[in-house]
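Shown below is the structure under consideration.
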Amino acid sequence: MISKRRRLDSEDKENLTEDASKTMPLSKLAKKSHNSHEVEENGSVFVKLLKASGLTLKTGENQNQLGVDQVIFQRKLFQALRKHPAYPKVIEEFVNGLESYTEDSESLRNCLLSCERLQDEEASMGTFYSKSLIKLLLGIDILQPAIIKMLFEKVPQFLFESENRDGINMARLIINQLKWLDRIVDGKDLTAQMMQLISVAPVNLQHDFITSLPEILGDSQHANVGKELGELLVQNTSLTVPILDVFSSLRLDPNFLSKIRQLVMGKLSSVRLEDFPVIVKFLLHSVTDTTSLEVIAELRENLNVQQFILPSRIQASQSKLKSKGLASSSGNQENSDKDCIVLVFDVIKSAIRYEKTISEAWFKAIERIESAAEHKALDVVMLLIIYSTSTQTKKGVEKLLRNKIQSDCIQEQLLDSAFSTHYLVLKDICPSILLLAQTLFHSQDQRIILFGSLLYKYAFKFFDTYCQQEVVGALVTHVCSGTEAEVDTALDVLLELIVLNASAMRLNAAFVKGILDYLENMSPQQIRKIFCILSTLAFSQQPGTSNHIQDDMHLVIRKQLSSTVFKYKLIGIIGAVTMAGIMAEDRSVPSNSSQRSANVSSEQRTQVTSLLQLVHSCTEHSPWASSLYYDEFANLIQERKLAPKTLEWVGQTIFNDFQDAFVVDFCAAPEGDFPFPVKALYGLEEYSTQDGIVINLLPLFYQECAKDASRATSQESSQRSMSSLCLASHFRLLRLCVARQHDGNLDEIDGLLDCPLFLPDLEPGEKLESMSAKDRSLMCSLTFLTFNWFREVVNAFCQQTSPEMKGKVLSRLKDLVELQGILEKYLAVIPDYVPPFASVDLDTLDMMPRSSSAVAAKNRNKGKTGGKKQKADSNKASCSDTLLTEDTSECDMAPSGRSHVDKESTGKEGKTFVSLQNYRAFFRELDIEVFSILHSGLVTKFILDTEMHTEATEVVQLGPAELLFLLEDLSQKLENMLTAPFAKRICCFKNKGRQNIGFSHLHQRSVQDIVHCVVQLLTPMCNHLENIHNFFQCLGAEHLSADDKARATAQEQHTMACCYQKLLQVLHALFAWKGFTHQSKHRLLHSALEVLSNRLKQMEQDQPLEELVSQSFSYLQNFHHSVPSFQCGLYLLRLLMALLEKSAVPNQKKEKLASLAKQLLCRAWPHGEKEKNPTFNDHLHDVLYIYLEHTDNVLKAIEEITGVGVPELVSAPKDAASSTFPTLTRHTFVIFFRVMMAELEKTVKGLQAGTAADSQQVHEEKLLYWNMAVRDFSILLNLMKVFDSYPVLHVCLKYGRRFVEAFLKQCMPLLDFSFRKHREDVLSLLQTLQLNTRLLHHLCGHSKIRQDTRLTKHVPLLKKSLELLVCRVKAMLVLNNCREAFWLGTLKNRDLQGEEIISQDPSSSESNAEDSEDGVTSHVSRNRATEDGEDEASDEQKDQDSDESDDSSS
């Protein structure tokens, strides 16, 4: 066949005839089988030439037969036409014959369909593909134009015809002949005819014809057809999809594509969802490196597929469909929409995976969004998709997400929207999402950890069973990791998942059960959560299912309760009580039979009762364990998790036990030999000898001490006894039982509010010094027990509405304040004292007394730590602080080696002052409800007299001392709950509980609940704040008489000032809470701001947030006139800053904030607040930072301080201060200097260099600003000549280098294109900077002479920056053809005072290098490549050179 082709290429007509004769046998075979269907010649040139070339036409439905190879046929026909005697007229006759032949639709159809090839020919070719007759004829150049013309003439008659019975559309079949032609003779004409056909074709054929264009036209016609399609796109938007699909396959001009892209972008919001995949594909494929960011940003803005999902769901749920058919079509439409969205993101994922430019553009488009309002759910989806594409993108996405989360740009509602809308898209990348969540969990920022937990939550909610299993497994891994923040958050997520989908969680219960092996390292609150999770899974099982989890939990709890190791016993108590609560509230029983339901409920009550009895029997011999059991049981009742009938059984038992153990009649005289006279003290009622009750505290406590001492070496008695150490916790359980049973009414036990206690006179007076150590410890322990009793009494009765009870509660509050003073007196003289425990849990376990053997071993093996307390003297409170370790319980007689007080100070007279904050672990916790007492008014001593004690109907009001007592506790609670956990260092389990000691009850309340309670307290707190404000205003009033001023003692002023500060701290903690950024908390924020706004003027309801913030800011700023201390002023500033964070336009108030900060700096404060006070220095740093951060002109502010305040300080006496800035002294100068240098560097670093295209005015403004910055820098550097201490020099080295680097990056480009027009200004700027760099050079030499490594380690980097500056200045001068302005000179090294530094190495002077006068080692003459930088080793080597020289630019 190859030889035959070569012969055809070289021979003439005779050879053609010979070849035709060779094919005759095949033709004869064909005639024998198909003779009846063969078309007769009838003298037609068309038929004759076809037959001569090897093709036989057939009639009817029979295919035309091709007897030779297609290429041979085309060549034979071509040569037959060219060598025909009538050429070129024969072409016209041939085409006319074809036209006549195809007038019959069947014949035309045959010509458009592929030819039949004979078997022998197929075998020889090895292919089964055969072209149609028309396709073969189009491959002959001399026939192509005429045949194309004929085809386009025939197409219109088939445009509006439907498909044939065999599914063939003739119009499509005709156009298909034009596809993939080897050569197009007249492409321009073909393009014109195609476009003309498209313009008249029906819509369905228009789509097909348009999409066929790339397969029909050659590359030379792409520009023309693109232009015409662009015009058609404008005219007919229904053709957008096929036209854009074609554009992706055409070679078009980028500018043209840019116009089309803009046109499409404008219509993107109005297109149908099914068109999105093609449109997005076009947009992504048409981007270039330069336009990618712009295109992606615009696409992100306009691509909103969410509107196609949510409205359809809402509409489907709200509309009433009239028939099932409509409902079915609606469902199909929703499924179709989801499929289209998946296709859209498949296109995007494909582009991101294979086009790095697109991936980076998406990343940058999301990165540059700065506000939460501008972010969309699409941003979250795209970040997750980018994260899943490759390992190279993961770090970048993690960093960006962290920044967005920390700036509150991406919040929970956005993530929820992303998952609920695009869960089908995200489901495919579930492993990557879980990997990202795991990574975020390892952060130290609680907000980032929370975001990771949300990823787990939504993955579990929206994804399939396999992914749910992976989520639970990952969360269990976090729980067992040992990192407190991870553990807490993972447990919270598991609790949420149980609420979200309990049935799915039950399938994964086996994973969760493995956490039981890690209980030893958990905190009490974590243990509660674990048992809550497992109990919920265990007791929510459907009837008939396996209860293996219940069995495992019962085994674990019984094992821990029976343990002789106290830590495990505590775990068992917590777990048992938690499980009892879940069992009691479980209601998942079938309701088929009321009798069966009653039986099951009775069985549940029996289980709960037996479990509680087990706990009680295991704890009754240990005061520690009993106290924890009572507190845990009380929490269970407080959370309303106990069934009424169970509560009834418990309540009566508790009431009887308490009464028998602690309450005696008033007339019953205490029996025993006590070291002090026993009296009934702190009673609020006058009892006769016949009635009344008393708390039998001293006799019971003293009896316990004696018993402990007598059985120090014996086994613990099995006889049941109630310890006085359980008094407070037992009472808490009692009052919660009574309150629950009587709907909060405590009349049944109201006698405990005012009853006295059997005590000695606790006030030591002058006899304190003469007391023995044993007596001191005994008295101190009784004071602690009394103090904690009153705290629980206030907890119990604080919400009673009776005026009489309210008055008694306030009286108890006064008793608490009095007892605080007594405690401080005792603790000051008993340094090694350890108080009796107040509450027991694992957090405080390490701080409690141990047995003597345990303490001795601990002291031998472990150094003493400030946080851990050892066993104290048996004569102290620890005589009854018995701890069951192993199988013995004894009182340790050996004193601990260290005092509990970590922060103590000794006065000049040798008296030790103690802070009770260090003893927080030994105080009973105040409930959040106690602060409702703040609703009582504040009465100062100006008004307070004894009348209110004599008036029976007058409500006792709150005094300053009692107010301070409450505010201190509230402030600590809010700091612990509302302060962002990322601000607290996340520690390991060894110290995990320290910051939470004393807040165990608080942590069982939600943060939102705490915030809601505080918002309710805003009105009384504002009342107190205004009263204190008026108090200090009156003190400063000139018309106040001397007698009135004398009445306001220093102690009262101090107390009022402390109240002022605590109120501001509480308000700041509230409004700085990050939870307000969540959408669900906005209503709470509005409520809080409305309270403040209404204090200024009565506001209408539902005011916009911005107005509320503005009014609240105005209200609070009015208090700055009366702040009594610098610290109060700082908290006021912080509070105002917290309010500004809630504003959308904070800049309007920033200048006012700066003004307030400046007033604090310019005010003379009491002497004790400034001299060498570290706390004051920290506060001063913060206030100065706030001033410079919020002022509108930082450079001007720095110039004012350095130009006015510092000269006043320099000329003032040694201990004096600046008159303009009284806070600026010689001791605080370093703080001012450091903050000013840092803010100056930050300011210039933020300046934009600009471009040469900027206006001349912009260039002049930037030059002026840089002149001010360099002048400030010069003033600051020159101050180190006067104040040359290490901190000042260190700041100069550190921030001097940073300033030079900022000048290089931000200012030098500006000087490049400003030099020609502003030559003198630029040179003046450089000359000023040269003086500064020379000072820095001298500072480097001075540091080397002082041989202070803290300073010299900064020298190499500073010198490197200075050298780069010299070279950069020279490059700028060369660029502007001003080389003569740069010269090299030699300058000897000098110190800060200008004295020459004598070289220690005479030989080094012969080989020294030339330095710039900026103090930079420069080898410009040696063409040294300074742009590449130098390593520190070379810089340090240069530091050893004795002589250095200078380059200067002028």
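For all residues, glycine too, the Cβ spot is worked out from N, Cα and C.
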Quick test of your reading of Swiss-Prot: among 583-609, 853-879, 1096-1122, where does it put region 'Disordered'?
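In Swiss-Prot, the region 'Disordered' feature sits at 853-879.
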Once the chains shown are all counted, how many other Cβ atoms turn up within 10 Å of the Cβ of S1255 (phosphoserine)?
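Here the count is 9.
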Measure the Cβ-based neighbour count of K559 (ubiquitin cross-link), defined as the other Cβ atoms within 10 Å of its Cβ.
12
Can you name the residues of this chain that are 6 or more positions from S220 (phosphoserine) yet have a C-beta less than 8 Å from its C-beta?
G187
Need one number: mean pLDDT over the region 'Interaction with BRCA2' (246-357).
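The answer is 75, the mean pLDDT of the model over that range.
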